[in-house]
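Worksheet: one structure, shown below.
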């Protein structure tokens, strides 16, 4: 991959002069515009069983604190990115992940 995963930045620069309306007039893009908000709420829910297990059983054996600290740092960076670029779906998704990952990390510290 020649751009090293940063191809979206160049694409964004090209689109800044010609932004697409939201919701989009095309049905499929409009569907995606609405669906992404549902995904932003449902996706972080996949970690709720882990949060529930740690806090209900008060046992965090086998949970890596370093992993969750890394995820929390990444979540903060993504939230800042979403704020800077005014991307609500990115902000919502990573705020929810931040809350869930922080709950796991705190549970690991308390019950690890």
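In case you wondered, yes, glycine gets a Cβ from its N, Cα and C as well.
What you are looking at is a predicted structure, and each value in this text was computed from that prediction instead of being measured.
Feature annotation from TrEMBL assigns compositional bias 'Basic residues' to 7-16.
Summarising the annotation, TrEMBL assigns region 'Disordered' to 1-22.
Long-range contacts of the transmembrane segment (36-55) within its own chain (CB-CB distance under 8 A, at least 6 residues past either end) are made by residues 63, 88-89, 92-93, 96-97, 99-101, 103-104, 107-108, 111. Annotated transmembrane segment per TrEMBL: 36-55 (among others), in sequence order.
The transmembrane segment annotation in TrEMBL covers 61-84 (among others). Within the chain carrying the transmembrane segment (61-84), a Cβ under 8 angstroms from the stretch's Cβ atoms is held by residues 50, 54, 90-91, 93-95, 97-98, 101-102, 104-105, 107-109, 112, all 6 or more beyond its ends.
Sequence-distant neighbours of the transmembrane segment (91-111) (same chain, 6+ residues past either end, Cβ-Cβ under 8 Å): 37, 39-41, 43-44, 47-48, 50-51, 54-55, 58-60, 63-65, 68-69, 71-72, 75-76, 78-79, 82-83. Annotated transmembrane segment per TrEMBL: 91-111 (among others), in sequence order.
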